[in-house]
Amino acid sequence: MAADDRNAFEVYRDRVDRPLGRLFREYGASEAHWLVIGMVANVVARVAGLIPPVVLGVAIDAVFTGSGPYTLPIVPDAWLPTAEPAQFRLSVLLIFGSFIVTGVFTYVYGIAANNFAHRVMHAVRTDSFDQMQRLDMTFFDDKQTGEVMSVLNNDASNLEVFLDNALQNSARLGVMVVGIATVLVYYNYELAVVTLAAIPLMFLFTLWFMRAVEPRYVAQRSVVGDLNTALENALSGVELVKTSNTEAHESERVEDASFSYFRRTMSILRLNYVYRPGMELLAGLAFAATFAVGGFWLANGPPGPFTTELTVGTFVTFVLLTQQFVAPLAEVSNIIDQYENAKASCERVFGLRDIPVRIEDDGDAVELGGSAQSDGGTRNDGGVTPAGDPDHGGVAGAVEYDDVSFAYPENALVDPEDADEEVLSGVSFSADPGDTVALVGPTGAGKSTLLKLLLRLYDVTDGAIRVDGHDVRDVTVESLRSSVGYVAQDTTLFDGTIAENIRYGRFTRIDEADVDEGEVRDRVVEAAKAAEAHEFIASLPNGYETRIGERGVKLSGGQRQRLAIARVVLQDPAILILDEATSAVDTETEMLIQRSLDRLAADRTTFVIAHRLSTVTDADAALVLEDGEVVERGSHDELLAADGLYAKLWGVQAGEIDELPEEFVERARERHVDRAVERATETEVDSETPD
Ligand code: ADP
């Protein structure tokens, strides 16, 4: 086990420093104009909201009780009317106007603030997805897909809520507190002391709340992780759950996790419901004290140490403005909630962002088969090269493994030196263009791993793999992968039409590529024919336009495989990797598949992971792997004559001997028990690590 048994995602997430600051720097800066417009509009709208109580107070004193002059803050007295009816009309106009201003600027603020929040969210989501696609296979081996989904969905939404709501509500709160306090002090600083005495108390109370609630949020997030793991396990392993009758056990796990989540959430809410009414109580106290002291003041003159005069109008202004405090204060707990969520989400976003990508183009990477491609256009952009192009875009397809060793990196994303036990050691062989090489050996011998290295899904730990003399690490990943076709045992089909699935990877988007649609259609049909898939496709209700995948018709294993073959026919790579299916299809289908594969392999360098020894007899050479090493090599006949592992495997399959000799079985058993125990312990630790 690695010293640090958290996965890469967790490690990088915990290393993120001041995540929200980084969010503003990396994403906020380019959209800052929206934020500024939103903030300014917000301030204008809120300040306009302070006008009615002020004007009302002034009007009461000047127009109704005649106890004071008609003056307004900021506005020079010379501009104001002196006759009472005109003062009244102006007051009405001002109050009416301020509501219109509030309305208009609230609209502007809404548009700008949402533009800011959603643009940032969009950028975060697409960048995170791009980064996710660049990550090495090692990342996905850790099965962190659930977490990635959550970054793309929940975390991006949390940020949006924060950037829109929380940010603007805190701005509004700030404006209200400062604006109201200024007006109150301006009109009567003595009574203002009474009203504003609650503010420091509210501040302290909020500090206490934030300190108390923060650890509860941390605890809540960790149980959310547990809950997601429990859900994901049960869903992805549904077949195992059903066949093992463990529904009750899974329900119990989910129930436990869900109940912990409930308890953690309640513990946050309990605090929330102390805080919220507490704040309202303090605001209410401020209001009651203002009302009591102000009322006494009006009736009996300044109480206690106070000396200034208080008019009815000022008193009304005080009472109305104090009331306006309450609503934004009630938002504080929401702001804190949104802030906490956003901080955690932001850590995850940048945690994902910071995971280093190791398999990437080197600065001076060359195009595999570069010279020929520049004539015919890049193969991947849809530039049409003739079908069955003998030249394969300039790639001949000579493959050489030079003393290759490989260990699956335990936690390579965290520490590249940290590698597990070797899965391949000192593998050397070469294949000439057009050769077919069969890979044979017991399960776990390293056959798939060997070929994944050719596709550069992982990098060799030692040694080198060369295609046409170029180290695969020195050519562009794109040119390498478009020169190597891969037909997996289990074919992945996407939601879409048959035709889209066949041209996926070669003419993925016809509308964008500079190609003739009709020609591509012909090529797709041609490829399907070569893959023996045309007939069944033609018999489907909409032919090539039939939807398959999640929301379309379901295809059989044999049909899916033929689509995968058609896909590779269209790709027309110089090198081909076939993982022979072990699952049985009927004899007729098998014959069709075999025929199409033979056709496909005819003019390319082909590597077959052979499960049927008949495949080996047709190959130019076979490599027998055992425990990561090439133990035998040669043609079928040579291998039989050598009377080693191959001869034994062949004997078992041909029914000539009943079982493998004890020594092979024993060796295999030891190897597998060791590995199985190791893997099982790892899995258990993984699934029990919270979050
Ligand atoms: P084969 O194709 O011959 O059955 P593989 O190449 O799949 O063998 O596996 C070789 C060894 O590598 C096995 O011990 C297997 O457990 C291990 N292995 C395969 N894939 C991974 C992976 N993604 N991470 C860690 N170990 C792996």
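A Cβ is built for glycine as well, from the same backbone N, Cα and C atoms used for every other residue.
Look at TrEMBL and you will find 671-682 tagged as compositional bias 'Basic and acidic residues'.
Per TrEMBL, the feature domain 'ABC transmembrane type-1' maps to 36-341.
Residues annotated as domain 'ABC transporter' in TrEMBL: 399-652.
The feature region 'Disordered' is assigned by TrEMBL to 366-391 (among others).
Residues annotated as region 'Disordered' in TrEMBL: 671-691 (among others).
What TrEMBL records for 32-60 (among others) is transmembrane segment. Sequence-distant neighbours of the transmembrane segment (32-60) (same chain, 6+ residues past either end, Cβ-Cβ under 8 Å): 68, 70-73, 87-88, 91, 94-95, 97-99, 101-102, 105-106, 108-109, 112-113, 115-116, 119, 167-168, 171-172, 175-176, 179-180, 183, 187, 311-318, 320-321, 324.
The transmembrane segment feature in TrEMBL is assigned to 90-112 (among others).
Residues 39, 42-43, 46-47, 50, 54, 57, 73, 195-196, 199, 314, 317-318, 321-322, 324-325, 328-329, 331-332, 335 of the same chain sit 6 or more residues outside the transmembrane segment (170-187) yet have a Cβ under 8 Å from a Cβ within it. According to TrEMBL, the transmembrane segment annotation covers 170-187 (among others).
Taken from TrEMBL, the feature transmembrane segment covers 193-213 (among others).
Note on the transmembrane segment (273-298): residues 191, 194-198, 201-202, 205-206, 209, 213, 306, 310, 312, 315, 318-319, 322-323, 325-326, 329-330, 332-333 of its chain, located 6 or more positions outside it, place their CB under 8 angstroms from a CB of the stretch. Residues annotated as transmembrane segment in TrEMBL: 273-298 (among others).
Summed and averaged per residue, pLDDT over the domain 'ABC transporter' (399-652) gives 84.
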